[in-house]
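These come from TrEMBL:
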- 6-30: transmembrane segment (TRANSMEM)
- 42-68: transmembrane segment (TRANSMEM)
- 88-115: transmembrane segment (TRANSMEM)
- 127-149: transmembrane segment (TRANSMEM)
- 201-222: transmembrane segment (TRANSMEM)
- 243-267: transmembrane segment (TRANSMEM)
- 279-302: transmembrane segment (TRANSMEM)
Amino acid sequence: MFVNWAHFLIPKIFIVLSLIANPILVNLIHTEKVFKFGDYRYLLYFFAGFNVTSALSDLLVPICVHTYRYATVVFITEGLFENRSHFASFLIAYRCAFISGTYGILNAHFIFRFLVLRYNQFVVQHFNNSGFGAACGLVLFHWFSWAIMTDISMGADGEVRDYIRESFEESYGSMENVNTKVVIFSEASPGVVFRSWVGTIYVTFLATYSIILYFVLGYKIMSSLNRGLTTMSHKTTQMQKQLFLALFVQTAIPICVSFVPCTISLYGSAFRMDSLSWINWSASVAVSSFPFLDPMAISLCLPALRNKLLLRIGYRLSPNRIQTIPCL
């Protein structure tokens, strides 16, 4: 199903860029012999792998959003799973769950950075044995719970399709063979409305608690660095600040390209705030940009990685531009 050229081309461009940027990031970190990232490199590798998986899911399950009165519709536009089936319907929930997985990874990063500053010896002793597994478990919890809740709360047949059929077909043509997931917040049976609200409140909780965690731990991290509560050297403290800046940029990206578009789509329908069609399709385009923007934020915000990248593309740096990174 063709929506428009922007919706068709822009996500594919981001997919290609993400499949280039993430391996480059991994290579920059892995081949760094002088500068040491310590155990933090494993979280960065994990983040890059997640980004690649998310990009591939965009390729396999391209989606778009449509809103009508009190309903929000997410549907597959093209590809291997374009034809209607129960499995393809679940894949919509699977695709949307990557949004929550992003929150889980950022939670793990903030917790790690906080523990390194306040309880570094604990991290040294336990990260390799259980810490990395706990971080992966947190991400999987976010991903699976969002996918399952979305699959349960968003209908795909019967009443929900009839509610949005006329509006959908006016915009995109016949929906008989289209895979959809739909939430309806009013003007439907009590069961459908109840499931829609439960699912929406749950995914809102996952996003909201994550954002609150970012602010709370971010404040504690910066307070520790500014007050000099760590035993690190000045050089190491400066590097921690650079890492925190990179993490701050990483956090701002999903808030802008994931949290805000999802909130507008869901709660716009919940409170009958009709949105323009370009806002709906641009939401899915914005989400597809994260797997590329995230590795670029890390590569460009950390001076050592940025300098190394510039050297690889042939840009000469003056000696005073080259910085060292202490062991983290």
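FYI, residue positions are counted from 1 along the chain as it appears here.
Including glycine, each Cβ sits where the backbone N, Cα and C put it.
Heads up, TrEMBL stuff is auto-annotated, nobody curated it.
Cβ atoms under 8 Å from those of the transmembrane segment (127-149) belong to residues 39, 42-43, 46, 50, 90, 93-94, 96-101, 103-105, 107-108, 111-112, 198-199, 202-203, 206 of the same chain, restricted to positions at least 6 beyond its ends. Pairs of Cβ atoms less than 8 Å apart link the transmembrane segment (88-115) most often to 201-222, out of 6-30, 201-222, 243-267, 279-302.
Sequence-distant residue pairs (6 or more apart) of the transmembrane segment (6-30) and the transmembrane segment (279-302) include at least 3 whose Cβ atoms are under 8 Å, placing the two stretches in contact. Within the chain carrying the transmembrane segment (42-68), a Cβ under 8 angstroms from the stretch's Cβ atoms is held by residues 3, 7, 11-12, 14-15, 18-19, 22-23, 25-26, 29, 74-81, 91-92, 94-96, 98, 101-102, 105, 108-109, 112, 132, 135-136, 139, 163-164, 167-168, 171-172, 265, 268-269, 274-275, 280-281, 283-284, 288, 290-292, 294-295, 298, all 6 or more beyond its ends.
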